């Protein structure tokens with residue numbers, strides 16, 4: 001299991017609050033690639049002149065995505081852009097991937113299917129650890145769409161959108177990369193009407209904050225554990241840690257899910273949320 005908290009063999013992949021470590025940039029999908037390109041410009045700036053590794057492992061059209069992102073990142077000033085393209089799980093152990101990641105300033109996961117990311121990286125513990133090491137030494141891990149959802153220890157992989165959550169709804173979750181352990185991430189949020197499914201996921205995991213991210217919008221988690229919104233849409237924080245009632249355990253599976261005392265925060269560009277304190281905060285770093 002990639003990023004399992006209980007796996008004694010793996011490193012501690014999430015730096016302690018306020019400790020060393022880089023940033024995570026979680027993008028809700030369909031980020032602007034032709035106009036101001038605010039989000040991708042931010043990713044390039046965070047790389048700090050070091051190589052950006054574009055990981056297309058989630059996609060069935062890896063070649064097309066590589067051409068597109070290489071063009072955009074170079075246009076925004078990236079000096080070096082490399083392609084991490086694992087077609088099959090067995091390819092993950094190749095030494096060239098480890099060499100590619102050694103000096104990287106950013107690993108960027110494209111969209112596709114988040115289960116493909118964890119499945120393919122599961123073919124090599126060394127590769128998964130090398131990606132996490134980029135983060136631990138101060139680099140940035142960014143991802144769009146499926147590439148955003150995979151960052152958390154528990155990732156949301158499926159479930160009906162555009163409808164109210166049901167007690168036995170088809171919300172599906174699986175182990176993620178474990179770069180952040182206390183969040184659940186959903187993307188294309190307002191555009192695909194996914195509030196219901198994120199509420200369902202939070203009902204199953206009330207200790208986790210649900211993070212919903214609109215398209216062309218990012219939630220950047222800084223080293224000081226502040227989540228900062230950027231882009232043209234909103235970032236939604238669903239906090240169920242103080243739930244006073246839910247019917248999630250009832251036998252009537254088709255009944256609409258009830259949740260009492262859920263808190264919802266909506267962040268627009270420049271707003272911030274303190275993940276340690278569980279409350280909105282200044283957008284300025286501590």
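From the backbone N, Cα and C atoms, a Cβ is placed for every residue, glycine too.
Predicted automatically and left uncurated, TrEMBL annotations should be read as such.
What TrEMBL lists as region 'Disordered' is 1-27.
When other Cβ atoms within 10 Å of the Cβ of residue 145 (active site, charge relay system) are tallied across all protein chains shown, the result is 25. The active site, charge relay system annotation in TrEMBL covers 145 (among others).
Marked as active site, charge relay system by TrEMBL: 188 (among others). Under the three-state DSSP scheme, residue 188 (active site, charge relay system) falls in the coil class.
The active site, charge relay system annotation in TrEMBL covers 215 (among others). In the three-state DSSP assignment, the secondary structure recorded for residue 215 (active site, charge relay system) is coil. The Cβ of residue 215 (active site, charge relay system) has 21 neighbouring Cβ atoms from other residues within 10 Å, across all protein chains displayed.
Cβ contacts within 10 Å of residue 188 (active site, charge relay system), excluding its own Cβ and spanning all protein chains shown: 19. For the pair formed by residue 145 (active site, charge relay system) and residue 188 (active site, charge relay system), distance between Cα atoms is given as 7 Å, rounded to the nearest Å.
Here residue 215 (active site, charge relay system) is positioned 5 angstrom away from residue 188 (active site, charge relay system), judged by their C-alpha atoms.
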